[in-house]
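Asker: Here it is, the structure, as structure tokens.
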Amino acid sequence: MVAAGKLYVVVVMLLIATISNSVSADPDMLQDICVADYNNGVKMNGFACKENFSASDFFFTGLATPQSTNNTLGSIVTFAHVLQIPGLNTLGVSMARLDFAPGGLNQPHTHPRANEMLFVLYGELDAGFITTANVLVSKTIRQGEIFTFPRGLVHFQINNGKGPAAAIAAFSSQYPGREDIAPSLFASTPPVPNSVLSKAFQISYQEVNAIKSKLA
């Protein structure tokens, strides 16, 4: 367990360093730090800098422990981006913890502003992404292994193992964004017209409404 813990720390540090130095999707910073001022009304790409800051602006404990997976999908994602850590503003990196029950799914989604690297803490996951040529690129990944998801491509993870699983994700943006495919199409406000969804998925209006009611 001690060796696994040391490996986890080393890999996470390498993930952060690699993403920060080479594939950051955010603009380069022009000063040492720019702690996000959530209360500043200026509209800009990111957040205005807070005048006074402390160590707590760079600290977060939310990824330390597993979170409940008692939900419809059997998984939960806990983000550690600029809205949780104001000191990440302008740094071009963020992280997340993913917890899975057996059979749990992190549903197909995209991150429009970031590449992602996923490191498995324990258990095993079937992970994959779909290219714009509709090619599925997938692999089963286990404890200590990494899988990468290119920016903007639809991707997913599912725990097909018999026990729980968890992973840490590193992103090349302070705020990668997330768009879940099914809710985006079937639970948007205002709703996507039934005629669009019926023709796109070759299903009836009744089936469209049934899906919408499940996701409402």
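Every residue, even glycine, has its Cβ placed from backbone N, Cα and C.
Annotation source TrEMBL lists signal peptide at 1-25. Per TrEMBL, the feature disulfide bond maps to C34-C49. Taken from TrEMBL, the feature domain 'Cupin type-1' applies to 61-209. The annotation oxalate binding site is assigned in TrEMBL to N106, H111, E116. Taken from TrEMBL, the feature Mn(2+) binding site applies to H109, H111, E116, H155.
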Asker: Do you know the DSSP helix, strand and coil residue counts for the domain 'Cupin type-1' (61-209)?
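Answerer: Per-class counts: 22 helix, 58 strand, 69 coil.
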Asker: From the Cα of E116 (oxalate binding site) across to the Cα of H109 (Mn(2+) binding site), what is the distance in angstrom?
Answerer: 12
Asker: Cα of C34 (disulfide bond) to Cα of N106 (oxalate binding site): how many Å, rounded?
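Answerer: If we compare the Cα positions of C34 (disulfide bond) and N106 (oxalate binding site), the gap is 32 Å.
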Asker: Whose Cβ lies within 8 Å of the mean position of the Cβ atoms of N106, H111, E116, the oxalate site, other than those residues?
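Answerer: My list of surrounding residues reads A96, H109, T110, L118, F149, H155, A169, F171, P176, R178.
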Asker: How big is the Cα-to-Cα gap, in Å, between N106 (oxalate binding site) and H155 (Mn(2+) binding site)?
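Answerer: Between the alpha carbons of N106 (oxalate binding site) and H155 (Mn(2+) binding site) there are 9 Å.
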Asker: With a radius of 8 angstroms around the mean position of the C-beta atoms of H109, H111, E116, H155, what other residues of the same chain does the Mn(2+) site pick up?
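Answerer: Other same-chain residues with Cβ inside the cutoff are T110, A114, F129, F149, L153, V154, P176, R178.
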Asker: Whole-number answer please: how many Å between the C-alpha atoms of E116 (oxalate binding site) and C49 (disulfide bond)?
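Answerer: On Cα coordinates alone, these residues lie 26 Å apart.
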Asker: What does the structure give for the C-alpha distance between C49 (disulfide bond) and H111 (oxalate binding site)? Integer Å is fine.
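Answerer: A Cα-Cα distance of 25 Å.
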Asker: How many Å separate the Cα atoms of H111 (oxalate binding site) and H155 (Mn(2+) binding site)?
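Answerer: Between the alpha carbons of H111 (oxalate binding site) and H155 (Mn(2+) binding site) there are 9 Å.
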Asker: Can you tell me the mean pLDDT for the domain 'Cupin type-1' (61-209)?
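Answerer: Average per-residue pLDDT within the domain 'Cupin type-1' (61-209): 98.
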